[in-house]
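The next block holds one structure in the form of structure tokens; read it before the comments.
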């Protein structure tokens with residue numbers, strides 16, 4: 001339970017400068033940078049345009065439109081955190097218009113910068129850097145795609161914005177081998193070995209973090225060298241981190257890793273990505289590789305011989321979320337990143353795992369007898385991966401490969417853990433529904449699923465597809481190391497049925513540890529990492545199997561005090577100041593049942609007297625770029 005006499009309903013004290021809206025600023029940040037390039041092709045007859053001397057030719061294609069007519073409306077309604085459906089459609093219509101009528105990527109970029117500033121999408125410096133970073137890849141993607149503006153926005157913003165089905169009617173082939181009868185795992189015998197697995201995710205190291213700078217600057221990421229000083233009446237960024245739109249200095253990550261002793265010892269480590277900071281408008285490949293090598297070296301230094309098994313996050317690439325499928329070759333491919341990962345992680349991974357990592361950023365290995373670990377590249381399911389506009393049908397053949405791995409494990413009698421970054425309930429519909437189907441088919445083999453990305457502490461329950469009523473698996477979504485946005489730093493430890501013959505390898509319990517930033521940033525204080533809570537003890541769970549998590553959701557529907565405890569822990573002991581009333585509570589609980597995207601039927605029993613689309617619309621999925 002929470003320490004220091006702080007009740008779950010109150011949370012830890014917030015600084016006076018923090019605004020209630022701060023937490024929301026990070027949610028759509030990828031789309032905003034996406035948007036910077038989309039604007040590039042608008043207003044082709046504007047008097048502010050100029051033609052660079054060195055113009056690279058563009059292919060022509062498109063649906064002509066008059067984007068200029070909606071520009072005044074956009075200027076009035078559009079903000080840094082507000083991408084509406086009409087705006088999205090206008091922007092992609094403008095893309096087609098520009099590609100048809102203009103002749104250079106450089107021209108496209110010049111218009112994008114001017115419109116980004118005009119419509120106040122971002123500060124001028126961010127507009128300039130973002131457009132220059134995204135323009136080449138985005139123009140390449142759009143000229144190779146076959147989507148209309150409505151379909152593109154349906155892909156990015158969901159089915160309520162557009163009908164997107166060009167690539168959605170695909171299915172993974174399952175083997176003809178009959179599915180064995182469901183066999184829920186049995187509790188281990190008393191005294192059976194228990195393994196402790198350290199889970200790290202979303203570290204987000206900011207090389208330019210600087211104590212004393214403005215934590216509420218105008219840029220998407222603050223507490224940095226270029227953030228400037230805070231207003232005279234406000235304190236600056238804390239030494240160890242800040243409750244704002246800020247990432248972590250290296251010293252806080254060093255403190256985390258050096259202070260793991262009380263939570264250990266660990267048998268292995270699952271590390272699910274997002275190493276670089278959120279300054280996505282100004283990142284180079286060199287920056288990303290520096291983050292990869294620096295943090296990998298830090299993990300090796302403090303964890304020594306403990307085996308570490310990483311997964312690829314959406315922030316590892318630049319532009320952010322840009323993960324081309326393997327059919328994209330040359331300089332625009334992800335070869336530069338996967339090769340660097342293979343080199344950095346070679347001490348932890350066998351040759352076959354390194355081979356598939358180099359191809360598509362995913363791999364499988366056997367960390368111990370009877371257990372198979374599969375690390376997925378969840379960027380191939382992401383709405384924010386703009387390369388999927390070209391073709392989103394099972395990118396890199398990863399899901400079909402997953403089926404092969406699971407069938408082989410079933411044949412051997414092995415159990416399987418899956419790790420990844422983006423949770424399956426946040427994926428493109430076709431990918432998510434296929435993954436859901438795979439999980440149901442191999443429910444006896446699949447012993448655990450572990451993801452990150454959302455920065456908060458939650459889970460996703462899977463059900464049988466026929467009735468959507470029998471819980472059969474659960475994906476654990478662990479909280480982030482970073483404070484972004486307005487959170488305490490944290491990490492997770494899983495207790496797993498241990499290494500012995502006949503082990504189920506299922507999760508028995510989990511623990512969450514945090515650093516209380518309020519205390520750590522006090523003058524003369526030293527950072528302290530402490531146990532925030534244990535899941536079974538805090539929630540009164542009989543075990544950590546899927547049915548227990550299903551039951552917890554429905555208990556929280558009726559027990560508001562229990563939900564307030566969950567809400568407090570969901571935010572790592574630092575919840576927003578605004579209360580979470582009934583609509584917020586139902587939407588949050590619906591998210592815990594939604595391991596399959598665009599599937600409101602999963603919440604039908606949770607809100608029998610309400611409109612399911614209305615309730616689901618209240619759940620703002622944390623699309624942290």
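The backbone N, Cα and C atoms fix where each Cβ goes, and this holds for glycine too.
Owing to the predicted nature of the structure, the values given are computational and were not obtained by experimental measurement.
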Additional site residue, 136, 137, 274 [criterion: listed by Swiss-Prot with 202, 204, 455 for Zn(2+) 1]: 274
Region 'Disordered' according to Swiss-Prot, located in which of 1-20, 21-40: 1-20
Which of 314, 321, 499 belongs with 274, 421, 453 in the Zn(2+) 2 site listed by Swiss-Prot: 314
Within the predicted model, mean pLDDT of the domain 'Saposin B-type' (81-165): 73
Among 223, 580, the most crowded of the disulfide-bonded residues [Cβ within 10 Å]: 223
Nearest-integer angstrom distance between the alpha carbons (Cα) of residue 331 (N-linked glycosylation site) and residue 274 (Zn(2+) 1 binding site): 22
Site of maximum Cβ density within 10 Å, from disulfide-bonded residues 153, 217, 381, 584: 381
Nonlocal neighbours by CB distance (under 8 Å) for residue 421 (Zn(2+) 2 binding site), same chain, sequence gap 6 or more: 201, 272, 273, 274, 311, 312, 313, 314, 378, 379, 451, 452, 453
Distance from residue 217 (disulfide bond) back to residue 223 (disulfide bond), taken between C-alpha atoms, in Å: 8
